[in-house]
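Annotated features in TrEMBL:
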BINDING   Gly167, Arg168, Ser169  NADP(+) binding site
DOMAIN    8-122  domain 'Tetrahydrofolate dehydrogenase/cyclohydrolase catalytic'
DOMAIN    141-278  domain 'Tetrahydrofolate dehydrogenase/cyclohydrolase NAD(P)-binding'
Amino acid sequence: MNEQPLILNGTVVAQQIKDELAVRVQTLTEKGVVPCLATILVGDDPASATYVRMKGNACARLGIRSLKVELGKTTSTAGLVAEIERLNDDPSVHGILLQHPVPEHIDERAAFEAIRLDKDVDGVTTAGFAQNAFGMAAYPSCTPAAILAILDHYGLPIEGKHAVVVGRSPILGKPVSQMLLNRNATVTVCHSRTQDLGRIVALGDIVVAAVGRPQFIRGDWIKEGAVVLDAGYNEGNVGDVDYEACLPRVSAITPVPAGVGPVTIATLLKHTVEAAERTL
Ligand code: NAP
């Protein structure tokens with residue numbers, strides 16, 4: 001029985017990333033380049049508006065300019081793509097983030113694809129995704145990169161471990177699976193049609209929860225000593241993992257909040273600064 005699991009503190013990991021970035025932002029600014037992240041919010045989903053506001057505040061604290069583009073919920077795919085193309089052509093914009101999800105009538109994939117690869121700081125384009133699969137992405141998706149950053153910050157081994165990822169979305173489950181595979185984990189990816197999920201999760205030395213269902217991953221599924229990373233963020237600040245039930249079994253776990261979330265934002269800032277540096 002594990003007495004004292006390691007709580008993987010995302011706030012600490014994020015602060016370290018931001019401390020390193022502060023110096024780079026200053027250097028860039030002295031050279032006349034102010035890193036700029038454009039965030040696009042379509043519609044009035046309150047959760048999405050909160051995420052965009054949090055990202056904008058994080059930029060401001062670090063001296064990164066954030067350009068907020070707010071489009072009405074009736075915006076068409078063509079209208080959204082035109083806005084993205086305008087930002088592609090704006091040399092003062094270094095990164096573009098289209099807040100997901102967009103209203104249902106919009107072709108989200110078409111909109112993501114419109115983002116120019118060198119400004120795709122959230123790794124949402126198919127080209128960015130493919131680069132990630134080959135382990136050569138300039139900007140892997142931020143949440144998967146954050147999960148890897150947490151493991152690395154705490155020196156938790158990946159190579160040779162069996163990683164079970166629950167979720168296969170193009171921005172989270174799939175890219176994090178690829179990243180773990182590229183780091184020589186043995187990876188099992190689960191999804192809504194997976195049978196006997198608990199039995200498979202119980203094989204995981206590393207378990208990544210990316211489901212979008214509150215407290216979905218049960219404590220009795222978790223192998224003794226497993227490392228659990230909860231990417232979930234559901235209403236009421238609840239993750240995808242039943243944290244309290246998992247705690248007695250894990251060797252390490254991310255809480256929600258203050259786990260993967262803050263590192264995701266710090267990673268977005270990092271990618272934006274890197275994109276700005278590449279323009280020099
Ligand atoms: P998503 O696109 O809705 O994907 C959810 C995935 O979970 C899908 O692959 C789905 O399988 C799978 N799933 C659903 N029900 C399942 C079940 N009963 N058993 C097994 N798998 C099941 O969600 P997402 O965008 O990847 O986000 C996942 C979670 O991460 C959400 O809580 C979201 O809020 C959070 N998130 C957090 C951050 C952050 O910064 N912390 C960033 C992005 C997302 P199918 O493919 O078969 O449908």
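Here the Cβ of each residue, glycine as well, is placed from N, Cα and C on the backbone.
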**Asked** Which are the residues of the chain, Gly167, Arg168, Ser169 excluded, whose CB is within 8 A of where the CB atoms of the NADP(+) site average out, their centroid?
**Response** Val165, Val166, Pro170, Leu172, Gly173, Lys174, Val189, His191, Ala210, Val211
**Fill in**
Cβ density check for Gly167 (NADP(+) binding site), other Cβ within 10 Å (all protein chains) comes to 23
**Message:** DSSP-wise, what's the residue breakdown of the domain 'Tetrahydrofolate dehydrogenase/cyclohydrolase catalytic' (8-122) into helix, strand and coil?
**Reply:** 60 helix, 18 strand, 37 coil
**Message:** Long-range neighbours only, meaning 6 or more apart in sequence with Cβ under 8 Å: which ones does Ser169 (NADP(+) binding site) have?
**Reply:** Ala210
**Asked** With DSSP, how much of the domain 'Tetrahydrofolate dehydrogenase/cyclohydrolase NAD(P)-binding' (141-278) is helix, how much strand and how much coil, in residues?
**Response** 53 helix, 24 strand, 61 coil
**Prompt:** Which residues in the same chain, at least 6 apart in sequence, have a Cβ under 8 Å from the Cβ of Arg168 (NADP(+) binding site)?
**Reply:** Lys174, Ser177, Val189, Cys190, His191
